[in-house]
């Protein structure tokens with residue numbers, strides 16, 4: 001079984017996340033540790049179609065574990081969403097002698113991988129790499145821990161500034177469908193309120209909460225808003241609140257792409273190293289169409305399709321903690 | 001049951017850890033949320049004996065979540081290890097109207113708490129706060145995540161410097177009995193070898209590994225050494241290796257107390273907030289003599305005595321990952 | 001002369017800046033060093049009018065040198081812009097026995113100080129504290145060095161992310177009238193273009209520059225935009241450029257108030273310590289109506305009125321360097 | 001004159017310093033800006049002798065401005081100290097068509113450059129790159145600003161930890177002959193005492209100062225010790241002080257090589273960019289045997305020999321400030 005696997009490929013796909021380099025490094029070194037050949041595919045599925053391949057050895061991945069981004073680059077590829085694109089990809093893999101593929105990315109990337117595996121019997125294993133932490137089958141995704149520290153650091157800085165009375169700071173963080181970044185950083189940075197897509201408490205709730213904060217002697221309030229929140233955009237939200245709260249001034253910060261970058265934290269590097277090794281282990285065990293994750297601190301496999309379809313529920317305990325500690 | 005609990009105390013004890021402030025804040029705010037009174041005890045058991053008490057409200061713990069150290073201060077108290085000391089402590093609590101105590105610290109602090117609870121029927125709940133991550137009953141202790149990022153950042157900087165040929169860097173990190181800091185940072189910083197107290201592979205193994213690294217083209221090697229390692233101190237170790245490896249120069253860095261400080265990471269603040277809330281919940285539920293922890297991402301109670309006596313095994317999967325990714 | 005000065009006051013005013021705490025600390029300790037009494041005035045001129053005074057000793061300013069913001073808080077005060085307000089302020093100072101005042105802030109704060117000194121013969125010395133670095137009479141203002149590192153760190157993170165082809169990042173930084181933050185961080189972060197209020201090169205120049213970057217193989221470009229730039233706001237600018245550059249996508253980040261916060265850098269703490277000592281020295285020498293600054297690495301005095309009126313020319317050498325290193 | 005200069009070389013030499021990459025990048029881009037060819041020489045003079053040359057273009061130096069260390073690597077070269085070595089180096093330059101050389105390093109590196117220029121009429125310009133800030137002819141050397149922030153950050157973390165009573169922290173920082181790092185970080189981190197090679201106040205002075213701190217209510221004291229201090233090593237010093245101060249415990253941290261690494265600060269990147277451009281300008285103007293520096297915020301040339309021989313006096317004002325703000 002494992003004896004027949006001699007050559008694997010690895011690519012990063014979709015929005016990049018800090019720690020992807022550490023994952024690639026672990027895939028490469030674990031493959032070499034087991035005597036296999038490894039090909040790095042640049043620019044995701046796009047690069048696969050265009051034949052942007054590079055043979056990697058142990059030294060190729062030296063000095064990248066501490067770098068943000070992904071040295072293999074990432075891209076979104078429309079062509080790959082068509083059957084013809086995947087057929088060409090499969091042909092490219094065969095031609096290059098690549099017997100199995102490790103795909104590091106989020107659920108968009110995994111959807112493509114599922115189809116490639118099903119239509120062309122390509123062995124594929126996924127590694128969850130996205131700052132959003134919204135992949136079913138793993139407690140944490142690669143990049144999430146770095147992203148929340150980046151956001152927290154920014155909010156800490158805003159908290160430092162002179163706390164003029166009656167000032168409201170609205171800070172938009174990433175998370176189109178998932179409120180994890182907002183929830184963790186809202187607790188970690190000690191924000192007064194957190195708005196996430198999974199839970200809509202309405203404008204009245206927000207206004208009452210902010211007024212309560214004012215009465216308790218807080219001179220300024222910070223509201224963390226996930227970009228997927230239903231309130232209609234952070235600028236709109238700030239305007240509405242300012243209009244309804246007499247004598248309050250609002251300030252908006254849109255953190256944007258700084259959340260995708262930065263040197264990966266230790267937890268992200270360790271997670272990425274574990275998952276990179278686990279992905280190669282899974283391929284050697286003959287697995288395909290699966291995603292490797294860490295659940296309850298143990299390596300765990302989940303069907304790639306299930307990982308794409310299922311949703312992780314937001315942790316109700318964390319919401320309660322956020323409510324209690326922000327009084 | 002919970003209705004009878006009206007007034008709790010909170011203290012930090014032993015070696016301090018980043019995130020202790022976030023834990024105190026959560027204890028205070030959760031108690032106030034439930035209508036209780038809270039007294040902060042300064043300088044641990046010493047301050048309890050000396051009556052260094054301060055009534056805390058929601059505003060007392062504002063703007064501390066992002067601070068390293070502990071604003072209640074911490075201390076080691078010899079007197080408390082004697083029955084007379086604990087008797088005086090119990091009397092002080094009763095006199096002040098404090099019905100239950102939250103102790104934030106490591107196993108030394110918990111041992112005292114166990115005796116206080118047993119001898120004087122004081123309700124006590126422990127929160128694991130120590131950078132060493134060596135407490136049974138919780139996947140992570142408060143401060144560990146910050147400490148490993150501090151160490152990793154230092155090692156990243158050392159890795160940056162001109163990689164002269166045949167140079168060996170030995171970096172001593174904290175962990176007298178536990179190798180977690182060394183193991184995580186060894187993986188995260190991409191070190192060539194990791195020496196931990198739980199596992200002795202001997203000098204020959206180390207020399208062979210370093211020579212192998214040299215042959216593979218690594219121009220310099222980094223060895224992370226837990227202070228509890230059996231090799232006899234990092235300076236001694238560096239000298240021995242230098243003597244045996246012809247043409248190699250060694251450099252030693254002893255990170256020391258910088259590992260205890262620094263702004264807590266987001267993960268540490270969230271963990272501390274969860275455990276602070278959980279400790280008050282536990283007291284309200286009538287629990288005593290227990291430690292709150294997070295296991296498999298769920299709040300979990302462990303008997304304080306058990307938490308002191310049992311040992312967490314070092315994760316064998318992590319050791320294997322470390323070996324593979326450092327080739 | 002100096003023998004007659006027994007009691008001084010200190011306040012921070014206007015937009016806060018990292019390092020203000022270090023300046024207050026130096027003022028307090030230098031005054032105490034010379035046997036004087038010191039009163040801290042909370043919330044700037046507003047607090048002076050409202051009598052928010054606190055007697056400070058050497059320990060009052062312990063453990064603040066490393067904190068962002070200002071523990072004395074800052075505020076903008078309309079009342080002080082009226083003669084009646086200043087009369088009340090002077091009366092308050094006299095009543096409290098404060099013989100001289102150290103004002104830490106920007107040119108708005110100094111304008112008030114000039115009038116106070118002129119109308120009421122109050123001895124006043126100014127310390128330049130603002131992140132904008134736009135005060136005449138000092139090479140650097142307190143807070144500028146920290147702010148440029150904060151911005152640079154954010155841009156570094158954006159640079160990390162997957163460099164999709166043809167992507168333009170527009171990053172708005174502070175500086176309504178002054179382009180120093182934009183110019184320094186544009187060089188430091190290696191941006192492709194820098195837009196500052198002091199220099200308008202027009203849209204055609206920008207488009208040509210970005211097209212040239214694309215032709216040279218840069219896969220993405222970063223443009224730093226000072227908020228005072230004449231192009232009409234960063235969102236508007238991004239839209240215009242995107243419309244004119246076929247096949248390019250733009251992303252906007254507005255850094256906002258994170259630029260005012262953060263732990264002060266070493267240079268800012270040293271500068272603030274020097275200026276705090278120099279301000280007390282100046283008062284003891286009998287000076288009034290002056291600002292202390294550092295020019296050519298020497299302590300230097302400038303008339304407060306001149307400091308408010310004159311403008312520092314933007315350094316032409318830096319603009320040339322920016323142009324050359326961004327090719 | 002400038003028209004005849006068509007091809008220059010650039011190397012980094014001696015101990016590396018953060019910002020060297022930014023300097024190389026500026027040299028390369030400024031040369032290309034003026035239509036010249038540029039060759040990067042790896043591993044300093046050693047690489048020059050061994051012919052480790054690489055032709056560099058504008059893209060070769062992309063994405064390095066934010067990296068610590070030097071991508072050209074650095075080395076110390078014994079052979080170059082002999083006339084034969086320099087003769088071979090000159091021959092290598094001529095053979096490769098390199099007409100002039102930019103040397104980035106400290107005074108050791110400049111001494112070699114002076115001899116090379118004198119003996120073989122090679123045009124040479126030096127750029128001061130060393131964390132020690134001990135080069136005559138420039139207000140700051142490349143790397144100093146980053147190093148002091150690294151040290152300060154470490155001391156801040158130590159300051160965070162529980163301030164047990166009567167604890168003394170001794171922190172050794174770099175600076176064999178120069179106390180700049182110790183002096184700046186001592187002020188910036190708010191240390192109680194600073195020991196530098198330029199000034200010996202003796203053990204009695206230190207003991208009295210520490211006792212005074214204790215009496216004033218400071219619960220712990222931090223002493224910054226430059227490695228060149230005459231007291232005989234930081235461990236020895238700590239032991240002596242502990243023995244003489246009854247009831248005090250001491251802790252030692254040796255920061256070591258972390259001071260050479262890390263992402264360069266904005267000030268270091270701007271300084272390096274300016275000096276890189278200035279070095280090429282100087283060569284185009286026909287200068288040789290000079291070092292470019294920044295004095296009083298202006299580009300300034302100094303004879304390389306003078307730069308090696310003269311010493312910058314330590315700033316007496318800074319010593320006074322340090323004494324005053326640490327009371």
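Just so it is clear, glycine is given a Cβ too, placed from its N, Cα and C backbone atoms.
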**Q.** Site co-member for ATP according to TrEMBL, given C:76, C:77, C:106, C:107, C:108, C:109, out of C:15, C:19, C:35, C:175
**A.** C:15
**Q.** Same-site residue for substrate (record: TrEMBL; known: C:130, C:131, C:132, C:167, C:174, C:175, C:176, C:251, C:257, C:258, C:259, C:260; options: C:193, C:198, C:227)
**A.** C:227
**Q.** ADP binding, same site as C:25, C:26, C:27, C:28, C:29, C:190, C:191, C:192, C:216, C:218, C:219, C:220 - TrEMBL member from C:159, C:263
**A.** C:159
(Q) Quick check on the binding-site residues: of C:109, C:130, C:220, whose CB has the lowest count of neighbouring CB atoms inside 10 Å? (A) C:220
Q. When the Cα of residue C:190 (ADP binding site) is compared with the Cα of each of the binding-site residues C:77, C:106, C:108, C:130, which one is closest?
A. C:130
Q) Using C-alpha atoms, which one of the recorded positions C:106, C:132, C:174, C:251 comes nearest to residue C:25 (ADP binding site)? A) C:106
(Q) Using the Cβ center of C:15, C:76, C:77, C:106, C:107, C:108, C:109 as the ATP site position, which other residues in that chain lie within 8 Å, going by their Cβ? (A) C:13, C:14, C:44, C:105, C:110, C:112
Q) Hey, how far is residue C:109 (ATP binding site) from residue C:192 (ADP binding site), Cα to Cα, in Å? A) 36
(Q) Show me the subset of C:76, C:106, C:108, C:220, C:251 whose Cα is within 10 Å of residue C:132 (active site, proton acceptor); these are the binding-site residues I mean. (A) C:106
Q: Grab the pLDDT values for the domain 'Phosphofructokinase' (C:8-283) and give me their mean, rounded.
A: 94
Q. Hey, what's the widest CA-to-CA gap across C:130, C:131, C:132, C:167, C:174, C:175, C:176, C:227, C:251, C:257, C:258, C:259, C:260, the substrate contacts in the record, in Å?
A. 33
Q. Using Cα-Cα distances with a 10 Å cut-off, which of the binding-site residues C:27, C:130, C:176, C:218, C:258, C:260 are near residue C:15 (ATP binding site)?
A. C:130, C:260
**Q.** Filtered C:25, C:29, C:190, C:192 - binding-site residues with C-beta under 8 A from chain D
**A.** C:25, C:29, C:190
**Q.** binding-site residues, contacting chain A; criterion Cβ under 8 Å; candidates C:25, C:29, C:109, C:174, C:220
**A.** none
Q. Taking the Cβ of residue C:218 (ADP binding site) as centre, how many other Cβ atoms lie within 10 Å?
A. 19
Q. Under a three-state reduction of DSSP output, how is residue C:107 (ATP binding site) classified: helix, strand, or coil?
A. helix
